[in-house]
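As given in TrEMBL:
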- 1-26: signal peptide (SIGNAL)
- 52-311: domain 'Peptidase S8/S53' (DOMAIN)
- Asp61: active site, charge relay system (ACT_SITE)
- His99: active site, charge relay system (ACT_SITE)
- Ser263: active site, charge relay system (ACT_SITE)
- 341-366: region 'Disordered' (REGION)
- 342-358: compositional bias 'Low complexity' (COMPBIAS)
- 369-391: transmembrane segment (TRANSMEM)
- 392-428: region 'Disordered' (REGION)
- 419-428: compositional bias 'Basic and acidic residues' (COMPBIAS)
Amino acid sequence: MRSLRLIVPAVFMAAAVIAATAPAGAANTPTPHSEWWLSSWGIDKIWPITQGNGVTVAVLDTGVNARLPDLAGSVLPGGDMTGAGSDGRTDVDTQKGGHGTAMAALIVSKGRSTGVLGVAPQARVLPVTVGNGTATAEDFHVRIAKGIRFAVDHGAKVISISQAFPASGYPESCPTDILDSVEYAARHDVVIAAATGDDGGVGNPAQAPASCPGVLAVGAVNADTRPWQLTQQVPFTAVAGPGGTVGWVGKDGKPGRTGSGTSQATALTAGGLALVRAANPSMTAREVVQRAMATALDSGTPGRDDQTGYGAFRIHRAMDLSFAVPRTAPNPPYERLDRVMGQQAPSAPSSTPATSGQAEKKKSGGVPVGPIVGVVVFVLVIGLAVAVGVARRQRPDGGSPGDRTPGGEQDAAPQSFGRPDRRDPGGH
């Protein structure tokens, strides 16, 4: 039984100098911190269009310390599936760091105190506490199932789950109660992203809820776009997010810690999905998931692979409908869900994604990411000295960690796997 938990700090040196002219309520100018994924995603071209306004992201985790200056005004009253009766705005993680707070900060932090910016700083987080370190796997999946329904009923458009437990023994590698909740979310047009796991190696056992039909299963890549060494190798991986050497803010509000894992990759991907949904309010959850896969940058083994799925998630291509794609694009998460639930999939919209990471472009439609009004100038100076991240394995929602140090961390400057540069049809 494992969860994808906070990472033991490692040294990572870099600087970011930001001058911004952005929409009202934009994130404050931060103090220097390294957030290589913002540069790689070309966030300076995306934020003038949207910073996630109007989208709620549910974080099913250990709760969130809503009192931190970086998160003030960004954390809604949520819920507690453990029976403790809280509103989710306290991080009850038994580990010092505070896993739920860290994931929420990667999504919505405004950097007021630490300078660490979330991917979607104008989105809102709905904290849903599913454990603190004492639950059995059986209790845990009941809480996840309830948490998904709670999130749907309280307005979430994206659900981020950086937690996992073994599920190989269940039909479709998914407990029935979670499967029913995922189907409920699909019927209510809610995207669910979940971490695949941090065990690496071939033949990894399925871990829910990432293994469930209807869930966008997220692996991890390094800054050089190569797969993070310990990202799970499983057949249901859909996309990969930034997961190698990622800094975070813990429940004590202190920044500067770094680590690696599919937990971070999932939270950052969920933030990116919030941007996609904010820019395209009429885009369905089914289409968001399809576009995320089809517009991804192929990484790792050519073609779809079990570590990174269809590749590194590219926010701007998923949100920009001028990247046209065939109607027949595959959508494995929803195809599995349709089959399992015995439902007929609705006809795909004309802007559904291509069957590969190299989607075609057309001249009209959607949200153009290239031409923008307003300027957000980011000068991101990324340090080349990258230390080795340490992965932590635990029980589903806590417990005694067993530290593991992955080899093969990236030793090169971050590569662009998502900058919306119209001059380069490859986007990198």
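Including glycine, each Cβ sits where the backbone N, Cα and C put it.
Given the structure is predicted, the values throughout are model-derived calculations rather than measurements.
Along the domain 'Peptidase S8/S53' (52-311), the predicted structure has mean pLDDT 95.
According to DSSP, Asp61 (active site, charge relay system) is assigned to a strand segment. A 10 Å cutoff on Cβ-Cβ distances gives Ser263 (active site, charge relay system) a total of 34 other Cβ atoms nearby, all chains included.
Every protein chain shown contributes to the tally, and the Cβ of His99 (active site, charge relay system) ends up with 35 other Cβ atoms within 10 Å. In the three-state DSSP classification, His99 (active site, charge relay system) falls within a helix.
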